[in-house]
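One structure is given below, encoded as structure tokens.
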Amino acid sequence: MGLLSDPVRRRALARLVLRLNAPLCVLSYVAGIAWFLALVFPPLTQRTYMSENAMGSTMVEEQFAGGDRARAFARDFAAHRKKSGALPVAWLERTMRSVGLEVYTQSFSRKLPFPDETHERYMVSGTNVYGILRAPRAASTESLVLTVPCGSDSTNSQAVGLLLALAAHFRGQIYWAKDIIFLVTEHDLLGTEAWLEAYHDVNVTGMQSSPLQGRAGAIQAAVALELSSDVVTSLDVAVEGLNGQLPNLDLLNLFQTFCQKGGLLCTLQGKLQPQDWTSLDGPLQGLQTLLLMVLRQASGRPHGSHGLFLRYRVEALTLRGINSFRQYKYDLVAVGKALEGMFRKLNHLLERLHQSFFLYLLPALSRFVSIGLYMPAAGFLLLVLGLKALELWMQLHEAEVGLEEPGGAPGPSVPLPPSQGVGLASLVAPLLISQAMGLALYVLPVLGQHVATQYFPVAEAEAVVLTLLAIYAAGLALPHNTHRVVSTQAPDRGWMALKLVALIYLALQLGCIALTNFSLGFLLATTMVPAAALAKPHGPRTLYAALLVLTSPAATLLGSLFLWRELQEAPLSLAEGWQLFLAALAQGVLEHHTYGALLFPLLSLGLYPCWLLFWNVLFWK
């Protein structure tokens, strides 16, 4: 305490911090990036292991042999669906009853906030069909779900056929201690969300649906299945859910274990897992898979029907059958045996999956990085904001701060007379105006779409996107607006105080985001932290302005799309990238209003106003 209470020592400490601030910031930023890149190297990446004792052994004998029956069901389903042009509800009811299930239906409807041009829908109505296999050895207190989403543009007939064949096979077994729900949903995620809301008796998205006539126990786990052919070369697993949620790692380990037992080739992000981690090739391939997972998790989109189950504390995965050019093929029997083994092990659970990790990153299916090992990467990046905020605070509170030259001679002191104070009222205007722009960015595109279509020859979805871009670009004029109402008594202290508030605001936002969705927080910190640290109204202002624009939230989204396609080995041209960017903007707004995805409100109400504060600092007069 004596170091802080003694004015002489405090001033010496301030000089030391100010002199070493820039190299410490650079070192901290480089350390954060290096730490993230090192996550794919042992010992930071660890081998996966089963934590739940009830699922630790695969000594079960899978007896499923209904491949021909599954293919027959798939052909009948495809024929009836083609004939009716929609989900063949009557045929599904009749078939599920014939295999011994309790069958129920649920109708739902949803008016989207604006037309979804990707799936060509606006007024959506459909019917979900589900059958319940009651557990013969226990009361209906717990259940498992096997679901198949059926969209208007998806060919998932083989998945429906396999679901019905597994239902017939499971019906003949007596060892089930949990109810099993076989669910076929219409309109992909919309049908899944309608069924989940009705099952849990909530309404969080404004979905209109009929109440469920039949229920099972509390859902412990769910598996979503997507198959488009009778044979597969591999099974790809999707784990990223709504708002970056992930299932318990034991569920993923269970899938991998039964794939290995049955000889099935399993992939993550469409990539095969490296075999040799001792050489450089293995970690480099793992880094590619890790970056793909980071980009998908940062998007906040549910990458499969399982993503909506995670909101209701139901551990879930989506399995996609891939039929590629590889030589080895697997039929529906092999896939069915893997699913049978998974459900039999889940049937042994005495409590919800909780012993393994919920927060992790995956460079491969057999490797994971826990939260305790990847969080330092974000911590180092956020430390830059803390160091810059500390520097500004010392400059604002020290009357005569001198910067020493390397040779030891004291440098010129920062001209901040102690008599000039910074009133908090001078910061209210830029803060309120920036937040008002963010609120306009969040509210006006959807509310003003009909007005835009009346005066401009554009569709509703195009009007929403163009309004987004117009409001976003209008924020660049903020410096000319806010400076007219900001006090000019202490201009240097004014921009420094505003930047101090902006740094703290940004650090708090990125820290909270990184705790719940590390991928999004790290991606935003990687791009926004350097520009935020360098922003000031002196020096090469044009260079700082270009850097600030290139690291804005919209530019980060655009760059992420190019990086995503590059990692998928399908690079985009500039025109294709721009069209994909516009489609991503529309989908982001639509998914927020439809499913409750939080990326759009986070960017518009939080990070965009904060970015405008740094833009205001840069053009401070």
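Quick reminder: no glycine exception, Cβ is built from N, Cα and C everywhere.
What you see is a predicted model, and the numbers here were worked out from it, not measured in a lab.
As recorded in TrEMBL:
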- 20-41: transmembrane segment (TRANSMEM)
- 357-385: transmembrane segment (TRANSMEM)
- 422-444: transmembrane segment (TRANSMEM)
- 456-478: transmembrane segment (TRANSMEM)
- 498-531: transmembrane segment (TRANSMEM)
- 543-564: transmembrane segment (TRANSMEM)
- 598-620: transmembrane segment (TRANSMEM)
In contact by Cβ distance (the transmembrane segment (598-620), the transmembrane segment (422-444); 3 or more pairs under 8 Å): yes
Long-range environment of the transmembrane segment (598-620) - Cβ separation under 8 angstroms, sequence gap at least 6: 243, 299-301, 430-431, 434-435, 437-439, 441-442, 472, 475-476, 478-479, 482-483, 491, 494-495, 498-499, 501-502, 505-506, 509, 513, 520, 524, 528, 531-532, 535-537, 541, 544-545, 548, 552-553, 588-589, 591-592
Remote residues contacting the transmembrane segment (543-564) - C-beta distance under 8 A, at least 6 residues beyond either end: 291-292, 295, 298, 472, 523-524, 527-528, 530-531, 534-536, 571-572, 577-578, 580-581, 584-585, 603, 607-608, 611, 614-615, 618-619
Cβ contacts under 8 Å made by the transmembrane segment (498-531) with residues that lie 6+ beyond its boundaries: 29, 32-33, 36, 243-244, 293-298, 300, 359, 361, 371, 374-375, 377-378, 381-382, 384-386, 388-389, 392-393, 396, 427, 430-431, 544, 547-548, 550-551, 553, 555-556, 559-560, 599, 602, 606-607, 610-611, 613-614, 616-617, 620
